[in-house]
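Residues annotated as domain 'Cytochrome oxidase subunit I profile' in TrEMBL: A:26-530. According to TrEMBL, the feature transmembrane segment maps to A:38-59, A:79-100, A:121-141, A:161-189, A:201-229, A:261-279, A:291-314, A:320-341, A:353-378, A:390-414, A:426-447, A:467-490.
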Amino acid sequence: MSAVIDDDHSHGDDHAHGPAKGLMRWVLTTNHKDIGTMYLWFSFIMFLLGGSFAMVIRAELFQPGLQIVEPAFFNQMTTMHGLIMVFGAVMPAFVGLANWMIPLMIGAPDMALPRMNNFSFWLLPAAFLLLVSTLFSPGGGPNFGWTFYAPLSTTYAPASVTFFIFAIHLMGISSIMGAINVIATILNLRAPGMTLMKMPLFVWTWLITAFLLIAVMPVLAGVVTMMLMDIHFGTSFFSAAGGGDPVLFQHVFWFFGHPEVYIMILPAFGAVSSIIPAFSRKPLFGYTSMVYATGAIAFLSFIVWAHHMFVVGIPVVGELFFMYATMLIAVPTGVKVFNWVSTMWEGALTFETPMLFAIAFVILFTIGGFSGLMLAIAPADFQYHDTYFVVAHFHYVLVPGAIFGIFASAYYWLPKWTGHMYDETLGKLHFWLSFVGMNLAFFPMHFVGLAGMPRRIPDYNLQFADFNMVSSIGAFMFGATQIFFLFIVIKTIRGGVPAPAKPWDGAEGLEWSVPSPAPYHTFQTPPEVK
Amino acid sequence: MNGLPLKRLVRRLLLLTVVMFAFGFALVPIYDVMCRAFGINGKTGGQYEGSQVSDPTRTVRVQFMSTNASDMVWDFYSTADQIEVNPGAVNQMVFVAHNPTDKPMSAQAIPSITPAEAAAYFHKTECFCFTQQVLQPGERIEMPVRFIVDRDLPGSVRHLTLAYTLFDITARHPPVAQVATEGVQRAR
Ligand code: HEM
Ligand SMILES: [Cu+2]
């Protein structure tokens with residue numbers, strides 16, 4: 001603890017009154033707010049890039065037949081869209097929120113490891129430059145899906161796969177360092193009196209997420225390392241000819257992959273658990289059960305991975321085990337939904353933009369949970385697997401789940417970050433356009449999926465034409481709306497009604513005790529927590 | 001204020017990272033053991049050393065399949081499509097492989113049993129899949145597999161399939177190197 005404070009002082013003196021000037025401020029910064037800001041902007045750029053790839057996909061699928069892009073390029077688009085959204089948009093957005101808010105929420109002066117914080121951010125632009133540059137290489141970029149199943153990603157991969165592997169390694173190192181930093185901050189830098197069970201849920205969910213990251217990112221690094229060895233060093237981890245097994249790839253990948261989907265949702269759970277009480281003007285219902293439910297979800301997420309592999313030929317007992325274990329996750333998830341609804345129950349609700357996104361989060365995420373339950377029924381999954389129904393499921397949990405959670409957080413804390421209120425009318429417009437666009441885009445996918453339309457294919461049967469056109473229109477609407485969000489954020493940064501320290505009358509937490517915009521250095525002396 | 005000093009905490013978290021990286025690799029042998037134990041994927045074991053007494057009261061139909069992996073050009077087939085066997089008895093089936101190209105090539109056959117839960121009850125006492133095959137241009141060989149269906153095979157299984165997939169591994173194991181040691185190979 002004392003080491004940290006010394007560290008902070010030793011290089012904090014020269015700019016104790018504010019940030020350094022110019023570009024080097026951003027390159028060399030160790031300030032949690034600067035780094036949080038950079039993470040958030042990086043994530044938004046990746047969101048637009050991954051989103052533009054999705055627009056290519058939806059343009060091709062606007063009508064049946066092959067019109068706009070070559071199938072080979074279509075495959076690169078689906079792959080890159082998934083990789084960029086997961087590793088470039090959603091994960092860095094949450095790390096950005098963690099950087100900004102965790103120190104403010106627990107009364108810490110900064111993150112525990114400020115220099116490592118800088119390094120873990122700057123690895124990301126390098127990783128994604130590497131990844132995106134493969135699109136311009138001979139043979140094209142990764143085309144094997146974001147799940148990169150062997151042997152598609154080994155024996156049959158384009159030459160650029162080696163760069164893909166290296167990019168994943170860099171992202172993994174960045175995430176692990178970020179997670180270590182979060183854990184160290186939460187465990188070591190809490191203000192006196194801030195006991196674990198007084199921490200806001202965002203801090204709790206991030207603590208658990210960080211442990212999930214440390215547990216599974218190394219396994220992801222391991223699986224890409226095995227690919228690298230198969231491709232270049234003649235091993236046969238995933239090659240049947242040499243005694244390996246491609247199904248092994250799927251087991252190792254999903255051992256990472258399922259906890260990964262919770263890494264993308266738990267911090268959103270936490271943020272929403274602050275926002276709903278604020279606009280219901282009631283304390284969160286069932287705080288303790290929320291903490292335990294999060295822990296239970298994290299634990300269960302390690303024993304359900306094979307629900308992604310029901311059709312590879314696992315024994316019946318295995319199918320049953322993974323089916324019931326998966327369904328069990330619905331219990332703690334249901335506890336959370338119940339608590340959010342109970343928090344709103346008989347509250348004095350107002351519907352500012354963060355609350356709109358939070359309420360949509362609860363409703364639409366629940367729809368995604370239900371389609372997840374349908375997919376968890378092993379015999380039914382034989383029909384649904386690899387169809388658009390799965391695409392509908394995970395977009396319902398990720399777009400109104402993770403992404404709406406991030407939007408809600410952004411509007412909720414923008415006054416603290418910028419010192420200005422965002423324009424409420426524009427915010428609401430952003431919400432409604434996103435809400436309608438997103439449902440138009442993804443709801444019809446349930447229907448075409450149940451009717452058997454396969455995913456990741458650039459062409460489809462005529463019978464699916466109408467629903468696909470609706471999906472594409474919704475997707476274009478959702479996509480364009482996010483440019484509008486960019487406009488709203490820039491407008492808020494540049495001006496607007498000055499925000500008071502606590503712009504939301506029902507909000508709770510230490511972050512509202514510092515002025516808006518939050519000064520460059522906060523909580524140099526720890527606050528007193530009663 | 002609380003808990004471990006920062007350095008010690010970070011060291012522990014780094015250790016956890018390393019352990020989980022190693023765990024990823026440990027999943028490889030764990031998977032193999034699980035597959036053997038539960039017959040996942042129809043994986044069969046290595047050479048069977050035991051012997052059993054034939055059970056004449058029961059017959060099981062064994063079907064044979066031979067498939068070429070992509071890019072493999074050999075002719076590869078079994079000399080019969082199926083046979084009826086008694087559990088416990090030693091049976092033999094001969095497979096034929098022919099290299100129609102004008103280059104020496106090496107190949108590896110990978111077996112699998114369907115239904116997968118029968119895999120643990122299917123014992124090979126001799127199999128061409130235990131070694132690699134090297135065929136000269138135009139060469140044709142007969143390759144036996146000898147096997148025992150275990151007497152403990154669950155009663156619900158009356159019919160099982162032994163499928164081989166033949167992989168071209170010429171690039172990985174160049175046949176030229178093996179031609180020099182061919183005498184040894186054949187003698188084995
Ligand atoms: C009640 C909770 C949930 C259940 C029961 C559930 C169940 C499932 C099942 C069974 C599949 C495999 C479908 C198939 O491939 O045939 C699946 C796929 C998927 N789920 Fe969920 N899920 C749940 C929540 C979530 C959450 C919270 C997220 C992310 C935030 C998520 C993200 C995904 C993704 C990304 C895939 C597809 C992966 C791919 O193949 O590309 N799920 N889910
Ligand atoms: Cu899953």
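Note that Cβ sites are derived from N, Cα and C of the backbone, with glycine treated the same way.
Note that the coordinates shown come from a computational prediction; the quantities given were computed from them, not determined experimentally.
Highest Cβ contact count with the transmembrane segment (A:201-229) among the listed stretches A:79-100, A:261-279, A:320-341 falls to A:261-279 (criterion: pairs under 8 Å). Spatially, the transmembrane segment (A:161-189) is adjacent to the transmembrane segment (A:121-141); three or more Cβ-Cβ distances between them are under 8 Å for residues at least 6 apart in sequence. Same-chain neighbours of the transmembrane segment (A:320-341): 269, 272-273, 276, 284-286, 289-290, 292-294, 296-297, 300-301, 303-307, 310, 314, 362, 365-366, 369, 372-373, 376-378, counting only residues six or more beyond its ends whose CB sits under 8 Å from a CB of the stretch. Beyond the transmembrane segment (A:467-490), the same-chain residues lying 6 or more positions past its ends with a Cβ under 8 Å from any Cβ of the stretch are 44, 47-48, 51-52, 54-55, 58-59, 61-64, 399, 407, 410, 414, 422-423, 426-427, 429-430, 433-434, 436-442, 444-445, 447-448, 460. Under the criterion of 3 or more C-beta pairs below 8 Å, with sequence separation of 6 or more, the transmembrane segment (A:261-279) and the transmembrane segment (A:426-447) do not qualify as touching, having fewer than 3 such pairs. Outside the transmembrane segment (A:38-59), and at least 6 residues removed from its termini, the chain residues within Cβ reach (under 8 Å) are 26, 29, 68-69, 74, 77-78, 80-81, 84-85, 88-90, 92-93, 95-97, 99-100, 121, 124-125, 128, 132, 403, 406, 410, 441, 471-472, 475-476, 479, 482-483, 486. Comparison of A:79-100, A:121-141, A:291-314, A:353-378, A:426-447 by number of C-beta pairs under 8 angstroms to the transmembrane segment (A:390-414) places A:353-378 first.
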